[in-house]
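Quick notes on the structure that follows.
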Amino acid sequence: MAARRPGLIALFDVDGTLTAPRKVVTPEMLTFMQELRKVVTVGVVGGSDLIKISEQLGSTVTNDYDYVFSENGLVAHKEGKLIGTQSLKSFLGEEKLKEFINFTLHYIADLDIPIKRGTFIEFRSGMLNVSPIGRNCSQEERDEFEKYDKVHNIRPKMVSVLREKFAHLNLTFSIGGQISFDVFPQGWDKTYCLRYLDGFNEIHFFGDKTYKGGNDHEIYESERTVGHTVTSPDDTVKQCKSLFLEN
């Protein structure tokens, strides 16, 4: 068996990269990741919290990968152990947080879209996730909203309003997944996790939303990473085989 390549890590987005959006990882992908882990250090970085990442990648996720960065790395695990956390509440303060949440809920209340469900704002330790349709919609409703959003630009328009209204808070708005966007302080995008990877001189990042405004863009563009755009989990496997397993 080939020895692990020192100083190199392969870092993966979750949705659209290791799994279909919000779907559970396939057994084939899990097996492939374990094979890959024999030759390179492997990490995952997702915008979701650890509970959601575990639902997609499995309950043993923090042990299946060398590094697991949930909420863009604001909650960081290495070899199964928690190594760092950051809190939006302590960073912004309750008053500013409340001002933002109140305005956003008013905006959604006035929004004319075909359907609305529930959980329009999800508070995570390092970010807010905002969904105009509501996070507890069905998968079918998710798919429908995604199509509707592509035509009517519900999320981009909402982000534009919030960005202007709350310019003084220096927030980043990142559209990801099918139905929502993340809101967090500038610099708390996926590049945040790189502070834990100083021991690596070659960081390969794989993600699907690497375009400007996508939640993989900043880490993809970072001078510290070699960025790879993927179109699906199958494409991720194909690119990794070519890069790490066939030479």
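Here the Cβ of each residue, glycine as well, is placed from N, Cα and C on the backbone.
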Further Mg(2+) 1 ligand in Swiss-Prot, beside Asp13, Asp15, within candidate set Asp189, Asp198, Asp208: Asp208
For Tyr220 (Mg(2+) 2 binding site), the three-state class that DSSP assigns: helix
Candidate recorded positions Asp15, Arg124, Ser180, Asp182, pick with smallest Cα gap to Thr225 (Mg(2+) 2 binding site): Asp15
Inter-residue C-alpha distance, Asp13 (active site, nucleophile) and Arg22 (alpha-D-mannose 1-phosphate binding site) (nearest angstrom): 12
